[in-house]
Each structure stands twice: as structure tokens, then as C-alpha cells.
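As recorded in Swiss-Prot:
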{"type": "COMPBIAS", "residues": "9-28", "note": "compositional bias 'Acidic residues'"}
{"type": "COMPBIAS", "residues": "224-238", "note": "compositional bias 'Basic and acidic residues'"}
{"type": "COMPBIAS", "residues": "242-272", "note": "compositional bias 'Polar residues'"}
{"type": "COMPBIAS", "residues": "302-320", "note": "compositional bias 'Low complexity'"}
{"type": "COMPBIAS", "residues": "340-356", "note": "compositional bias 'Basic and acidic residues'"}
{"type": "COMPBIAS", "residues": "357-366", "note": "compositional bias 'Polar residues'"}
{"type": "DOMAIN", "residues": "1-73", "note": "domain 'KIND'"}
{"type": "DOMAIN", "residues": "147-165", "note": "domain 'WH2 1'"}
{"type": "DOMAIN", "residues": "211-228", "note": "domain 'WH2 2'"}
{"type": "MOD_RES", "residues": "Ser229", "note": "phosphoserine"}
{"type": "MOD_RES", "residues": "Ser292", "note": "phosphoserine"}
{"type": "MOD_RES", "residues": "Ser293", "note": "phosphoserine"}
{"type": "MOD_RES", "residues": "Ser295", "note": "phosphoserine"}
{"type": "MOD_RES", "residues": "Ser506", "note": "phosphoserine"}
{"type": "MOD_RES", "residues": "Ser510", "note": "phosphoserine"}
{"type": "MOD_RES", "residues": "Ser563", "note": "phosphoserine"}
{"type": "REGION", "residues": "1-30", "note": "region 'Disordered'"}
{"type": "REGION", "residues": "224-366", "note": "region 'Disordered'"}
{"type": "REGION", "residues": "384-404", "note": "region 'Spir-box'"}
Amino acid sequence: MANTVEADGSNDEGYEAAEEGPEDEEDEKREISAIRSYRDVMKLCAAHLPTESDAPNHYQAVCRALFAETMELHTFLAKVKSAKENLKKIQEMEKSDESSTDLEELKNADWARFWVQVMRDLRNGVKLKKVQERQYNPLPIEYQLTPYEMLMDDIRCKRYTLRKVMVNGDIPPRLKKSAHEIILDFIRSRPPLNPVSARKLKPTPPRPRSLHERILEEIKAERKLRPVSPEEIRRSRLDVTTPESTKNLMESSMVNGGLTSQTKENGLSSAEQVPAQRKKLLKAPTLAELDSSESEEETLHKSTSSSSVSPSFPEEPVLEAVSTRKKPPKFLPISSTPQPERRQPPQRRHSIEKETPTNVRQFLPPSRQSSRSLEEFCYPVECLALTVEEVMHIRQVLVKAELEKYQQYKDIYTALKKGKLCFCCRTRRFSFFTWSYTCQFCKRPVCSQCCKKMRLPSKPYSTLPIFSLGPSALQRGESSMRSEKPSTAHHRPLRSIARFSSKSKSMDKSDEELQFPKELMEDWSTMEVCVDCKKFISEIISSSRRSLVLANKRARLKRKTQSFYMSPPGPSEYCPSERTISEI
């Protein structure tokens, strides 16, 4: 507590005064009883202060503070009183419903003015002062502070002197160090810790690999492939054999004189049994494998057929060759499916049609197994025709490849790519007034002259055969087939073959005139197809039909020649041959 030694020897207000107890109280009672005038009161009040000269200023400040507090209390009570009166008036207004007259009186009232100010402040927003903007005066003016505030100000500014406190007749020692330093000393007094380098930690357990890391390792690891010799690869590519190819090999071996008649008979019987025994499913090869196998087959046929002269046939267009390369993804046994033409029909046709009576005489009566395979081969399953979806995919790939040819001509390439130029004629440009037609097959814009109408189903395309779209294309294929027949007639020296040609023609017509049922074509609608796509479809249909017809002809021809040179049955061994109704 702030305490200074008084000059007049008056009692102190500190702890010693509290310890003196009843003696001080008795002295105060005597002094109070001795007060008889205002001067005695002033002297008594001045004795409470450390210096008597500050008494007038101090008590004037106290009086001012008390007066200010009383005035504030008076104004507050007046406002409360006026607010109560106004509230009573409002209640009376609600009762009397005379709001129009009372509102004019309330305009001049204080509470209405204050309410307007409050609403204005709420609308505009009240700006609060920051703490830094407040200027705190450490030495305020005396008359602005109350005695309690003045005392707290003295304590904050440390304007006081403390008494010496004695403990057991001696001054207690001060704390030499702070609590933080004591804690640090305690930590240092403990035994030292081992350095990190000297510690031996346990090995970290292996972290399990995540799924992403395992997938990446499998991708980076090389696949272990089974070693395959090149002979097996060649054998798997060139393993597709027909009875005609085995017969050609037998004929070439007979011309060279390397085999006897006994080995020839055994070879023929084994060659005829191969189609019946080897019945496995073939997967559709990719375009790269087809190209590689085609190049190998062409080199092989060039080496084997060096002595024979192939007849002259007109070359088929490029689109037909590409379309015939792509096989349908349907799996058929080799014995029951004739292989489609792949730039080899002239050689096959030549090998069949160039037969001589000397070669035919070497045939032996076929066994039951070989005759059954011949019957299956004579009437193969009509699976050579591609589906509509496959043809659409082939056509779109060809159109995309055809578009890449025009990359060197930037104007034409950009016009074709953006659909501003006809894709067929490449002369007609499209504008705002001349619209384009979109081909439903190749999905390319074409002009009205290059657009044709064609009946197409809505969907699905995956199971629908391609020959169902265009019977007219089939008729064109038949006419082209008939035009090719006279050119190959002089290659058939056998009269027996010519004798059975009339029957085969009638049967071929019945096979070729197969059309899609009209009941299933009722819901088909006419759609726009470009000229190139229509020609492409007709060529695919004609080529597939042509290969099917040729396969049927070869099978029937071989069966007829074998039955012709077989020994005639006796009267007891007579057995009627099994023939279909169409043959009869």
C-alpha cells in the first residue's frame, strides 16, 4: 500500500494501524467528538492525504466528480420519466384511435427524434474506432478521475514505496532464477541422452505394395512367350487345304515320277480323309496377318506353278480385293467351308479345269468317310456373306484411308474433312443453299447426284447378312459370272464334265436366286447411300456368291467324276445313289 511518513505525526492507514486495533478506534472517536466547525472537518480530511497542500485541489476534483454524477443521474431520471409519460400517451392513443392528431404532437417529442437518429445510424452503419486510434493519456487531468481511479493510476505508474517485510527477523532471499531457468537446470542435471548416430533402431517393416504399384510392375514386366519355331508359324498360316490342293500335289509328284502307284493310292486316301478328321475352329485373322500370309502364299504359288500357264482373267477392282481379304468372324470347319478367293481363283480354276483323262483314271473308289465329307462340301453352309455391320466397318476404314491420300492437297483435304465437298465426285461443293446428303454406310456427305436410295433396316446390323440388302447386285453378279463362262469353256476337254454342266447350271440358279424373305423386309425404310458404297455392296455380294457357286461346282464335279470311273455294281450289289430332290 502507498504510505508516506506524515510530518505532523498522524497515524498511518497501513497495516500497522490495523494491528493497533482498539487504540486507533478510540483515537478516531475522540477526534470526531472534537469536531465542532467546518475548519475541523477540513483539517480532518486534509489529514487523510499524504500532503496537506494538495487537499484543496483534491477535494475540489472530488466535488466536481460527484456533481457530474448527480447531474447525469438527474437527466437519466428525467428521460425515464418522459419515456413513461410518452408510453402512457401511446397507450391512450391506441385506446382512443386518435392517431392522426397525436402523431403530430409526437413529431416534436424527444423519443421520436432519438428513434430517427438510431434508425439512421443503423442504415448508414456505425463506424467503430480501432484500438490504435484511441489515445491513452497515462497522466490524465486530476479533476477527470475519481479517487479510486487516481489510486489505480498510482499503482499502474508505480508511484509508491513498499515497506520492508521481515521474516523471522531477516529479509527472505529473492528467487535468483525464473521458473524457466529452474526447469532447464533440472533437465541438465539428468544423465545425458544417447546421440542419434549411436542408436540402433529396428529395421522398418516392409510396406505392402499398393494396387497401383502392382499393376505398373505387371505392365513393365515382359510377357514370357512360348518359343515357336518358324516352321510351325508357316504351317499354321498355310494349313488351310482343300481336296483340290492335295490333288494338285499328287499330280505334281506323279509328273516327277517320284512315287509309285501304291504310295499314290495311300496318299489319295489320306488326303481325302484329312477334311473329315481335321475339323477345328478358325479365328478370323487380323489385316496385318492376312497381308503377310498373302505375300507368303503368292511367293509359294509362284514357285509351285512355274510350269503351268494361268489363263487370262480381268483383274478385279481394288475394293473387291480388300473386301474379300476381310473374312467374316464366323467359325466353320475346314471340311465344310470353301475358302474365299484371295487373288488365287485363276490358279485354282486352272488346276481343276485342266484335268486330263489320264489324271482322272487314277481315282479310286472313295470310302464312306470321304464320301460323307464330299456330300458336306457339295452343299456348304452359306456363311461366306459378311454381315451389314462388318461391311459398314470395312467401308468406313477404306473411306478414312482414302481421305488420307489427299493430305498433300490441303484445300481438298480440309473441304472433304469438314464436309464441304462431295466425297464421291469431289466436284460439287456445299453451301448454305445446297445441302448435302449423309451416306448411311460411310457416314460421309455426298451430293444429290451421287446419292441413291436403298432399303435398309433400322437395326440391328450385327446378325443381318449383306446379301439381303441388294438382290439387284446379285443379278449383276450372276450376269458377270455367265459372261465369264464361255471364256473358260475351251479349258474343259472332258465330255463328261460338259455333260453334267447343264444340271449344275440349273442348281446354281436355284442357289443364287436365294433372297431375303419379304416378310422381314416390310418395316425397312429407304435411306440415302452413296454410289461408291452401293457399288461396294454389290461387289461384295457378287464375290461371295461367286466363291460359293464355284465351291459347289467343284464339289459336284469331283463327285461326278469319281462315280463315273467307279466299277459298275452287279445285279446283286445294286444300290440306288442318294440324291436330293433338286438334283432329280
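Each residue, glycine too, has its Cβ placed from N, Cα and C.
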Residues in the domain 'WH2 2' (211-228) grouped by DSSP into helix, strand and remaining coil: 10 helix, 0 strand, 8 coil
Average model confidence [pLDDT] within the domain 'WH2 2' (211-228): 84
Structural state census, the region 'Spir-box' (384-404) (DSSP three-state): 17 helix, 1 strand, 3 coil
